[in-house]
Amino acid sequence: MYERKALVIDREVDKMGMGKYQWYIWGLCGLGYFLDLLWAQAFGLIATPLQQELGFNTDQLGNIFTAFSSGLCAGAFVWGVLVDIIGRRAAFNGTVLITCIFGLCLGAPDTYNAILVLTAFNGFGIGGNIPIDTTICLEFLPKDRRFLLAMLSIFQPLGVVVCSGIAYGFVPKFNCLNNVDVPACSGSSLSPPDCLPSCFNVPKGEACCSKGDNMGWRYLTYCLGGISLFVFVLRFFLFTFQESPKFLLSKGKDEEAIKVIQHVAKVNGQETSLTMATFNALENSFGTRGAAVELPGGVILTKKHWTEKVKFELMRMKILFSSAMLIRLTLLVWVIYAFDYWGFSIAGSFLPTILLKKNSAINVSISETYRDYIIIYLPGIVGVALGALMVKVNRVGRKWAMVISSALMATSLFLFAAVNTQASNVGLNVMEYFFQSMFNAVLYGWTPEAFPAPVRGTASGIASFWGRLFSIWAPLVAARILDDNLNGPLYMAGAGVFVCTIAVMFLPSKAFDLNALMGK
């Protein structure tokens, strides 16, 4: 009965088409993607000035990325499950609220441990964005506009470019490296002995890198916190987000689901013929009038104690293993997310530092390096658009778009390890981020489509959880390798992405059958 009512809802959404309400939802969900990469990029860009001010060793550099990834991991799992329990609306606003609160506080502490704690909580808020936003967007988009799910990822390179642009304005100007007239310090990661040491590592009165001389990275985090707050205001105060009708149906709240559809139609300047009489007629035809809606598992949720409801919601995860195809799909998606995050978390965390060191060796200034970051990440916008386009191309589709983009992303990482000129450094970084953006655009848009609606948020959240889990310890390993071998992290990242390529090739063909998927 749930599936039949959900199909009626789908038909009403399809009849409305892509109206104003859908565009609002798409834009606001896109801002969740924007924040995800806005903050992820920031920690790679502030790593060197942060290290110089606080005086920790290079092998501890991975701690900040691990703290962020730990928060992302917990957030992906908790919010991914909560979105199917407390609803899309509360999760939609809660993630951004947590992000802006801890983001605004991030520039205040003077100790590394305090920064690590705030970074983890900031990551906890951000971690729920992608599984929640894809789920929400999918449930409000008409079928003929499902390609816009992949296009949501266009906001990610925008976030990276905005972060890089703000960093270019602040970090080169307000950092300790500019307070020492030594060319070898430009773009260093504390290796030259004549760079300013941290004030924590020298006796009082000696020249050192103090907080007042190194405010650039703090100005960057304040700006990003302000942007996150603006997104929360847009979501909570300026736009009235309606709960997902499919979520309401899954809780037996048919009348509320109908009211949501009526509200969406009103915002779009349209009318809907959907009423309770439609659902009553459906129930009568199956002899179930007056019964509460049952989700897979056979447990009626109405009038149950909250502990029983939570237990049942967790039991729903069995749906992911209810058939041979779903078992294969679920496990391979976990592998893909795990090694995708392995690859791009190492790349996102250490490519800025590696580029800084490589440019330093060929006498490229820190200002030029931060300018290069903007050049590197702008083409990622085109990568997302190409990914969304390729899913429509015959004989390519989602599967081969992911195979091609992941293979080329891994290739670019290996090539970057083998060369060191300014042109090749920029060009190969552009190639890496271009295909990373393309791959993730297709992956994030396809994942919620591939799973049944009652566990759509849970499936996306758990897949993201595995990715975040791998991104916790990958930077720790990469940081230790970086201390001995500058190119080691690049080989680690490239190998992980090649695992994704192989896993995608073994995904079941039915998981890419659009007609079957749209029926869900």
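Cβ coordinates are placed from backbone N, Cα and C, and glycine is handled just like the others.
Here is what TrEMBL says about this protein:
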type	residues	note
DOMAIN	25-512	domain 'Major facilitator superfamily (MFS) profile'
TRANSMEM	21-44	transmembrane segment
TRANSMEM	64-83	transmembrane segment
TRANSMEM	90-109	transmembrane segment
TRANSMEM	115-141	transmembrane segment
TRANSMEM	148-171	transmembrane segment
TRANSMEM	219-241	transmembrane segment
TRANSMEM	319-339	transmembrane segment
TRANSMEM	374-393	transmembrane segment
TRANSMEM	400-421	transmembrane segment
TRANSMEM	465-482	transmembrane segment
TRANSMEM	488-508	transmembrane segment
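Mean pLDDT, taken over the domain 'Major facilitator superfamily (MFS) profile' (25-512), works out to 82 on the 0 to 100 scale. Below 8 A, the CB atoms of the transmembrane segment (64-83) and the transmembrane segment (400-421) form no more than two pairs separated by six or more positions in the chain, fewer than 3 in all. Stretch with the largest number of CB pairs closer than 8 A to the transmembrane segment (148-171), among 21-44, 219-241, 400-421: 21-44. The stretches the transmembrane segment (400-421) and the transmembrane segment (219-241) are not in mutual contact, being linked by fewer than three Cβ pairs under 8 Å (pairs 6 or more apart in sequence).
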